[in-house]
Each structure stands twice: as C-alpha cells, then as structure tokens.
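Have a look at the structure below before the remarks.
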DNA sequence: ATCCCTTTGTGAACGTATGCACAAAGTGAG
DNA sequence: CTCACTTTGTGCATACGTTCACAAAGGGAT
Ligand SMILES: NC(=O)c1ccc[n+]([C@@H]2O[C@H](COP(=O)([O-])OP(=O)(O)OC[C@H]3O[C@@H](n4cnc5c(N)ncnc54)[C@H](O)[C@@H]3O)[C@@H](O)[C@H]2O)c1
Ligand SMILES: NC(=O)c1ccc[n+]([C@@H]2O[C@H](COP(=O)([O-])OP(=O)(O)OC[C@H]3O[C@@H](n4cnc5c(N)ncnc54)[C@H](O)[C@@H]3O)[C@@H](O)[C@H]2O)c1
C-alpha cells in the first residue's frame, strides 16, 4: 500500500459503515461520560454490538485515528465521527402531522442531544394548529413552505396519515428539502438527489413474525434455521 | 461460540427478501382494494419502489406463483406472502413503557390490521398504571411475567427509557419471549435464538445528516457521489 | 537497545445482494 | 395448428459487506 495524503480525501464511506457510525458514537459518548480515556476496538465493538474487525474497518474509512497497542482516544474519536456525520453543525428539523406520533416525536428530548433542533411543527387540523408543544407553536400546513424557508429547515419528518405523505413530500422537495424521514406506511417517490429514510413499525413486526413462526416450525421437524441474528445496517 | 449461518437450506429465504415482503404485501393489499385482479412484476415493483428483477427473484423464493405472459394473481399472492410471513396467525404483542411513544404505539390502529393484536401494556409509574388506553388497562411492571404468560404474548415492544431496556429485555426472555422490538436507544444483548429489531430515530436522523452534509460539500468541489438512494433492506 | 506484549489496519477469502439479459412458458389471434 | 407477443424465472456478472488472520506499529520494561 502506498502511504498517501489523498487517503483523507477518499470520502467514499460505505453505506453500511455510515449506518453504524451513530452506534459507535453513542457507545463512545457513554464511555466519555464514565471518564474512559481510551478504548480498544474489542471493547468498543462489544459496547456497540458488532464484530471488532468490522469496527476497525469502519473506522479506517474515516482515517487512521487509533494507536497500535493502545486503542482509540475516546474524545478524539467522538469528534471525528461527529464531524463525519455532520453533527458539528446544527440541523433544523420540521415535523409534519402532530397526531399521536408527531406529538411524541416533538416531545422527545433525544432529538436535541445531537445537533438536531426541532424548528417547526405543522398540522392540517384547525384544532391542533395553535397548540403549544415543547415550546413550539403548531403552524397550519398552509404555512409549510414559508416557514421551512424562513427557519432554514433542512430535514423534514413526516408523521401524517399515509394518504397525505406523498403530497407533503412533494411540497417540501419543491422548496429545496432533500432529506426526509417518513413514518407513514407508504412508499414515497422522490427525484434523484433526495434521500428518504423510513421508519415502519408494521414492517418490523412482520419481520419478527416471520422469524418467530420459523422458530415454531422447528418443533415439527422442519430444518433448523439460523437464529439469534440482530438486524444489521441498512444499505 | 461461533455463530454459523447455514446457507444450504430449502426454505431459506434471504433476509433482504424477508424485509421486502411486507412492502409487496402492502402494495398488493392496496391493489386488491381497488379491485385489481392480476399484476405484472413491473407494476408491482413500481408500487413497492423496487427493481422488477429483484421483485421477481424475491417472489421466486416463495415458489412459482406467477403466470408467464400474465403476471401474478393479486389475491393469491397476498395469501402466499401472508402465510410466509406468519400473518395468517394471530400475534399477541405487549408494549412496555407507556410514555409519549408507548401511548402513540398503543393507540396506533395500523397494528391490528395485520395479524398483530396489542394484548398488554406495562409501566412502572404508579400514575400511569391503571390508565385505560385503546381499551386496555395499563398493568404494573411487576405483573410482566405473569401477564405475558397468561395472555400468550410472543412479541414485546420496549418503549421505556434506555436505562430500563436491558432489564426488561432479560425479564421477557426469561419467560420465553424470543422476538423483541426495541425503541430505546441502546444495544440490547440477548442470547442466541432471540431476535431483536430496533427502531432508532436518532440513528436515522444522523444518517440523513451525513448525506445532507455531503450534498453541501459538492459546492466546494468535492467529488460528486451517487445520490437519490433510498434505504434498502436491513439484514 | 532489545525484547515482549498489545492492538491496529488491511489483504484476502468468502458470503450475500443486485440487476441485466434472455430462454422458457404462457396467452390469444387467425 | 403456427405466429406474435407478453411476462416470468433465473444464470451470470458484478458490487457490496463481513470476517479471519496476521504483519506492522507502538508502548513499556529491563
Ligand atoms: N402512532 C404510531 O405508533 C404509529 C406507528 C407507526 C406508524 N405510524 C404512522 O405515522 C403516521 C401518524 O400516526 P399517528 O398515530 O400520529 O396518526 P394521527 O391520526 O394521530 O395523526 C396524524 C396527524 O396528521 C394530521 N394531518 C392529516 N393530514 C395532514 C396534512 N395533509 N398535512 C398536515 N397534517 C395532516 C392530522 O391532523 C393528525 O393530527 C401515520 O401514517 C401512521 O400510520 C404511527
Ligand atoms: N418519543 C419519541 O419520539 C421517541 C423517539 C425515539 C426514541 N424514543 C425512545 O423511546 C423510549 C420512550 O420514549 P418516550 O418519549 O415515550 O419516554 P417517556 O419518558 O415519555 O416514557 C417512558 C415510560 O417508561 C416508563 N418506565 C420507566 N422505567 C420503566 C420500567 N423499568 N418498566 C416499565 N416502564 C418504565 C415510564 O414510567 C414512562 O411512562 C425512550 O427510550 C426514548 O429514548 C422515543
């Protein structure tokens, strides 16, 4: 291997790695709070629930921040991962659909903890509009575009019924939003350059049911299946 | 303790495929409701937001249920996928931690729609215990084991603070639960044979932030990377 | 300075997933 | 029947992801 400076500009981090970085970050933050100064790949991997070789390979994509024979400096690694994930800047998030779920999300403290700030709440229901939740006023959905632009919102969380999701999606994309987190159980179609991630309770349960059923099958003499698998990264 | 994942198995459906089956099912259900009798892989793939070759390969793992020149029978395919996922039986689900999120989950109608039935709610807070939510009484966490066994709960949803999650997890596993859906931002450690899936808002936002930051970098002359990617299956 | 111990970073082998491209299989018209 | 047309199911190439295993690097003791 040729040792070169351009290594740091090789910014092609695999998607599977990106999905695990927040996990490492969380484990590291816990360690920092407990006063741990350095950590080995073995220990960090254990805390994050992954294989240590995988962890080392993941971190190697960010650069060479470890010290052989010692491990990684916790604070420094927190900084490097945070920077890579873009958490050293402040992200304004809007939540659309302030029903059961939207309310829970708006009240969720874990949001703010890492660079994310809930900057706007929207709903179509006149009875909900004007409510005060977590120090924010719920705006009418008609104000969507204006408020998003005024407050510099760059990430939108959709928590409306499925029927409204695509329309909300189209509208926020039209004003330049390119990152969407969708809780509605529907497939959003978006132009290239827009990232959609989805959280779908129903799908998770169905996947669990699939494996659960298969465990039961075992008793009736079916083939013994692989088990104990935790879900991995999303690509 | 090396975990072996035997691949050579007859009914071995790839994990990536399993994760997409619920998507197909949802699309098919919508079509059935609109009176569509048959569908081509092309159309179904479009509705589910995947590549049609991938869809055909996924379905081929279940069997050969299509008709060349025609497509798939919608109702029949719904039945086959439902059966494969184990949705033809009834799953009793318990929710632990009836706070903001737990309440939203308990009130969520989409649960029941597909074989899942919320059968028990638990909380440690005396002010919450005894509340009536969605027709269910919130039980004290001390009753966890007894109620789970009595009502035949096989899937547990954890919506407690992170600090309580591992303990709840250990307790439900001790009474035979092997499927857990975890909303708490913590890595659960479980014995082999137990499936844990996690839903983590914070991780999703951080992944979005990573890509969002990268989009901004483009202006400063960084390499233009592939975008527009939607998240894939979790393995 | 030398040796021993620990731990990183990565080459290489293997496993899994994706998507193209096409033969095979089916429909229906004449 | 044959022919034209549609669409499935899959072989194959390629890309991506995981894990093992070990040389190289660093720390510290003597
Ligand atoms: N509650 C859950 O646990 C849960 C779980 C998984 C998925 N989901 C999904 O999340 C979404 C929200 O769930 P919920 O339980 O909060 O539903 P909900 O009905 O309680 O809330 C939906 C809110 O969206 C608002 N709304 C409707 N149309 C709108 C529009 N065009 N613009 C802006 N706001 C609009 C409604 O006024 C309502 O306040 C649904 O798609 C649901 O399927 C919910
Ligand atoms: N609210 C959200 O939008 C959101 C988003 C992502 C993740 N989460 C996570 O989901 C979990 C719940 O979030 P929330 O906002 O509902 O919090 P919450 O504080 O509103 O609710 C937590 C509930 O759990 C109960 N509880 C605490 N210890 C318990 C125990 N040992 N046994 C049983 N019940 C116990 C509490 O009494 C409370 O009712 C947290 O881990 C949170 O980080 C929440």
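In case you wondered, yes, glycine gets a Cβ from its N, Cα and C as well.
Remember, it's a predicted structure, so these values are computed and weren't measured experimentally.
Positions annotated as DNA-binding region by TrEMBL: B:23-62. Each residue in the DNA-binding region (B:23-62) has a pLDDT score, and their mean in this model is 97.
Positions annotated as NAD(+) binding site by TrEMBL: B:97, B:98, B:99, B:100, B:101, B:102. In the three-state DSSP scheme, residue B:99 (NAD(+) binding site) is classed as coil.
Summarising the annotation, TrEMBL assigns domain 'CoA-binding' to B:86-187.
Among the features that TrEMBL reports, region 'Disordered' is placed at B:214-235.
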Helix, strand and coil residue totals from DSSP for the domain 'CoA-binding' (B:86-187) stand at 38 helix, 29 strand, 35 coil
Close in space, distant in sequence - residue B:97 (NAD(+) binding site), Cβ under 8 Å, 6 or more apart: B:122, B:123, B:158, B:159, B:160, B:161, B:164, B:168, B:184
Within 10 angstroms of the C-beta of residue B:99 (NAD(+) binding site), what count of other C-beta atoms is obtained when all protein chains are considered? 16
